[in-house]
Amino acid sequence: MGEVQTIGLVRLPHAAGLPLPAYETAGAAGFDLRAAVEADAPLVLEPMARALVPTGFVFEIPLGFEGQVRPRSGLAARHGITCLNTPGTVDSDYRGEVKVILINLGAEPFTIERGMRIAQMVIAPSPQAQLEERAQAGETARGKGGFGSTGV
Ligand SMILES: O=c1ccn([C@H]2C[C@H](O)[C@@H](COP(=O)(O)OP(=O)(O)OP(=O)(O)O)O2)c(=O)[nH]1
Ligand SMILES: [Mg+2]
């Protein structure tokens, strides 16, 4: 296992009283993100509707890493709720509130209550590469074959 990274968390006023994001099991890949919507104003997502759902936290992700915002499989399998831009990318230099773009692909309206665990964030290494313009690409066995060129 590599070195354990520390992620700073800043709680915004509208996250007052919410549990801190946490890894739910000892070996969980991601920590869950909760909806920081008002307790008296749950968000109703109609079928095919999407919403930018606040989490109430700012995350300080170390340089060389990213946060990947991913759907929860239970919400997806049971209700058709997923992240529209999965995996969402949280940059290491982002200091705004992390939000989750949820979409309801199910047939029924879905209600998001305050504190509901709506998505998870996985911290992953993401080195920045050096981009170098070239006249042509080097040859490979695959060449330009793609999009099913090896069969189905
Ligand atoms: O699911 C997501 C995806 C992104 N972000 C935040 C963190 C990320 O660092 C920033 C920008 O994301 P991205 O680069 O994907 O969006 P963009 O449309 O390219 O916006 P920008 O021009 O700000 O980079 O938005 C979230 O909070 N949740
Ligand atoms: Mg961007």
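The count begins at 1 with the first shown residue.
Cβ coordinates are placed from backbone N, Cα and C, and glycine is handled just like the others.
Under the heading substrate binding site, TrEMBL lists Arg72, Ser73, Gly74, Asn85, Thr89, Val90, Asp91. Sequence-distant neighbours of Val90 (substrate binding site) (same chain, 6+ apart, CB under 8 A from its CB) are Phe59, Ile61, Glu66, Gly67, Gln68, Val69, Val98, Met121.
According to DSSP, the secondary structure content of the compositional bias 'Gly residues' (143-152) in residues is 0 helix, 0 strand, 10 coil. Among the features that TrEMBL reports, compositional bias 'Gly residues' is placed at 143-152.
According to TrEMBL, the domain 'dUTPase-like' annotation covers 19-151.
Sequence-distant neighbours of the region 'Disordered' (133-152) (same chain, 6+ residues past either end, Cβ-Cβ under 8 Å): none. Here TrEMBL flags 133-152 as region 'Disordered'.
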**OP:** Please list residues from the chain of Arg72 (substrate binding site) whose Cβ is under 8 angstroms from its Cβ, counting only those at least six apart in sequence.
**Re:** Asp32, Ile81, Arg117, Ile118, Ala119, Gln120
**OP:** Can you check which residues sit near Asn85 (substrate binding site), meaning Cβ under 8 Å from its Cβ, same chain, 6 or more apart in sequence, and list them in order?
**Re:** Val69, Ile101
**OP:** Consider only the binding-site residues Arg72, Ser73, Gly74, Val90: which of them have a Cβ under 6 Å from an atom of ligand 1? Write none if no residue does.
**Re:** Val90
Original post:
What is the Cβ neighbour count of Thr89 (substrate binding site) at a 10 Å cut-off, with all protein chains included?
Top reply: 12
Subject >> Assigned element (helix, strand, coil) containing Asp91 (substrate binding site), judged by DSSP >> reply: coil
Subject >> Binding residues Arg72, Ser73, Gly74, Asn85, Thr89, Val90, Asp91 (substrate) - maximum C-alpha distance in whole Å >> reply: 26
